[in-house]
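According to Swiss-Prot:
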DOMAIN    82-241  domain 'Tyr recombinase'
ACT_SITE  R119  active site
ACT_SITE  K144  active site
ACT_SITE  H191  active site
ACT_SITE  R194  active site
ACT_SITE  H217  active site
ACT_SITE  Y226  active site, O-(3'-phospho-DNA)-tyrosine intermediate
Amino acid sequence: MDKDELKEIIKNLPDNSPKILEYLKLAKEKGWKDIVNMIAQKLGLEEEEKKKTDETDVLKKILKPLGKGKIKGTWDYSVDFVEAKKTLVSAYKQLYDTNLMPYEAYVAILLIQLVNGCRIREAIRAFKTFIESGEREFQLQAQKHGNIRFMIIPDVVKKKATYNAVLTIDDEKLSARIRMFALHYLKANTHSLRYALISYLAKNGIDPAIIAKITGHKRLDRIITYTQTKDAIEMLRKLAD
């Protein structure tokens with residue numbers, strides 16, 4: 001079968017024909033890109049691809065990289081708390097207006113993580129608790145060590161019927177998706193949002209014991225070591241300028 005013959009067959013083939021996938025495989029093997037596109041259009045795949053491209057363009061416009069570069073030996077991408085909060089709040093409002101799911105929920109969860117200084121799985125559980133109960137302030141069991149920690153849902157985050165779909169996604173799968181989303185669009189890992197709050201509070205003179213209580217750290221020395229390391233790195237950068 002030559003290329004022109006296959007084109008004629010596809011033109012007259014019903015959209016639901018089982019043969020169409022067989023012809024798609026043949027066109028790919030032969031390297032006939034125009035026929036592959038022709039079949040994709042017939043199957044509606046072309047529209048799906050265009051939708052994904054449009055979504056990517058929207059996300060790139062409203063989200064900006066927050067990571068300033070990974071600090072060697074740590075998980076920290078040097079995210080500024082104030083800048084991150086401004087970016088995520090603005091992005092959430094715009095996504096809320098366009099109803100761009102699931103990214104709207106991803107940004108809401110990242111914002112919850114940022115303002116609570118929590119782990120991504122804790123932010124996911126907090127978001128799900130909010131969707132189910134409507135409560136904005138509640139206690140959750142921390143991901144590590146099982147400590148009980150207080151969580152707050154920012155006022156900007158609203159309840160929406162479309163968010164119920166998030167309740168059906170396993171926490172581990174959802175956290176993996178959000179981690180990929182953050183790395184792609186924010187150029188930072190999700191844990192950097194937790195570090196951003198710690199740095200912000202330390203710079204504002206908050207007692208390490210209070211910071212540990214806010215962020216759910218069991219060991220105070222972890223907070224002290226991290227803040228001292230960050231201060232030392234910033235001092236070296238200033239000296240090098």
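Using N, Cα and C of the backbone, Cβ positions are placed for all residues, glycine too.
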To the nearest whole angstrom, state the Cα distance for the pair R194 (active site) and R119 (active site). 7
Please list residues from the chain of H191 (active site) whose Cβ is under 8 angstroms from its Cβ, counting only those at least six apart in sequence. W75, D76, R119, I120
The average per-residue pLDDT within the domain 'Tyr recombinase' (82-241) comes out at 83
Look at each of the active-site residues, R119, R194, and point out the one with the fewest other Cβ atoms around it within 10 Å. R119
